[in-house]
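What follows is a set of notes on a single structure, which appears directly below.
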Amino acid sequence: MNIKNKKIAIVGGGPGGLTLARLLQQVGCNVTVYERDINKDYRVQGANLDLHEESGIRALEKANLMEAFYANYLPDAGKLRLMDHRGNIYLDDHTEEHNTEHRPEIDRGPLRKMLLESLQADTVVWDSQFVSMEKERDGWKLLFKNGKQYYADIVIGSDGANSKIRPYLSDAKPIYSGVTIIEGTIYEVEKNAPNINSLLKGGKIFAFGNEQSIILSTKGDGSIAFYTGEKVAENWVKDSGVNFENSAEVKKWFETNFSNWDGIYHELFATEKLVIVPRPQYHFPLDQHWQTQNNVTIIGDAAHRMPPYAGEGVNMAMLDALELSEALLHSDNVQTAFEQYESQMFERVKEVASVTLQNTVEMHKPSALQYIVDLFNSFQSFSFNTNRELR
Ligand SMILES: Cc1cc2nc3c(=O)[nH]c(=O)nc-3n(C[C@H](O)[C@H](O)[C@H](O)COP(=O)(O)OP(=O)(O)OC[C@H]3O[C@@H](n4cnc5c(N)ncnc54)[C@H](O)[C@@H]3O)c2cc1C
């Protein structure tokens, strides 16, 4: 098949969509990325991402972007402190060196920037929020919120967890995982949360206790990202009565719900320089399948959203991009390529999502800390300072 004759629309310029655009463009394909964000300078929020050798890094290698990656990654951001809710440190990468290089961390902003810089000018059409599409000729006419319309022979949805392309393939509804995250970003952390900043030491913290969790990471721009995790009802964000845009109300909620947590953690909500996003965590059915089509498919969170408790979301999105680009380049026709990509992706993600869901449950049980200690011990030979107060 000569894929280079086809006009390919990628909807969504996150890590999955931009990796796919790069992989296809570098071999001469005609790709356009339609992205909702207003322009390239839009500030991408959220925790750092650790890229795994067998998936995210593999995709970047194939995209010839490892040099750019090493110019942008955060060498110390993977150093972990495993803590309990009382403030005890159980594992400390800062005092006992473990090799974190096989899962190097990068901030979302620089990852997007390096992927964008690898693309030809005007590959991304900003301020393009996809709304719907209609069949036209052998492809699709895409309609955007700003009133613009574009034709494409092939559409690939990489528009994240609430994908608007997904319904053209599947009507399987997302399933609530039982855990809701409150995600926060603190800018100028040295000034606005100095004690947490010292505790983080440029790395990350996983803290568990009281059937709750807090995950923190140091970003490259003087800010930190964190998220609390708690077992609550699906509609809790709405039903709680908490206005998550009001920092005083959020602080009060944390003081009440995380009252058993050491004072150090309360610094997270003490500042008004805080951006908060509540995120109930969903996943798609583990055994999902859909009828393969000949001109539309989806990758990344659009295909397989899941909670972040195995750190696999971005890695799966980038591996999807790699496997889909290879299938498109080596198959006889688009439908065969999509069939190959989708069947591989369904099998791979079933396993990853199942581990993720197990972690999501175990990390919010009374035995969470022991579960994590056992998990780390199973990965490599960590020695733990159980119940030692190091800070
Ligand atoms: C709190 C939190 C922590 C996480 N931590 C990790 C981690 O440590 N490791 C990890 O691997 N994963 C993590 N994840 C998951 C990871 O962020 C996602 O799996 C990953 O970003 C998916 O990439 P994607 O390209 O598929 O989608 P996204 O990153 O969601 O990108 C989708 C893009 O599409 C755009 N878009 C959306 N709708 C439209 C539309 N209608 N029209 C046009 N454009 C649109 C968006 O603006 C965005 O740019 C975390 C997620 C959360 C919420």
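Note: Cβ is positioned from N, Cα and C throughout, glycine not excepted.
Just so you know, TrEMBL annotations are computer predictions that nobody has curated.
These numbers come from a predicted model, not from an experiment.
If you check TrEMBL, you get these features:
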DOMAIN    7-351  domain 'FAD-binding'
BINDING   ARG43  NADPH binding site
BINDING   ASP50, ARG108, ASP301  FAD binding site
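Here the features listed in TrEMBL are placed on the structure.
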residue	record	contacts (Cβ under 8 Å, 6+ apart)
ARG43	NADPH binding site	GLY109
ASP50	FAD binding site	GLY78, ARG103, PRO104, GLU105, GLY311
ARG108	FAD binding site	PRO15, VAL44, GLN45, GLY46, ALA47, ASN48, LEU49
ASP301	FAD binding site	GLY14, GLY16, GLY160, ALA161, SER163, GLY313, ALA317
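Among the binding-site residues ARG43, ARG108, ASP301, residues whose Cβ is positioned under 6 Å from ligand 1 are identified as ASP301. The average pLDDT the prediction assigns to the domain 'FAD-binding' (7-351) is 96. Binding-site extent for FAD: residues ASP50, ARG108, ASP301, maximum pairwise Cα distance 16 Å (rounded to the nearest whole number).
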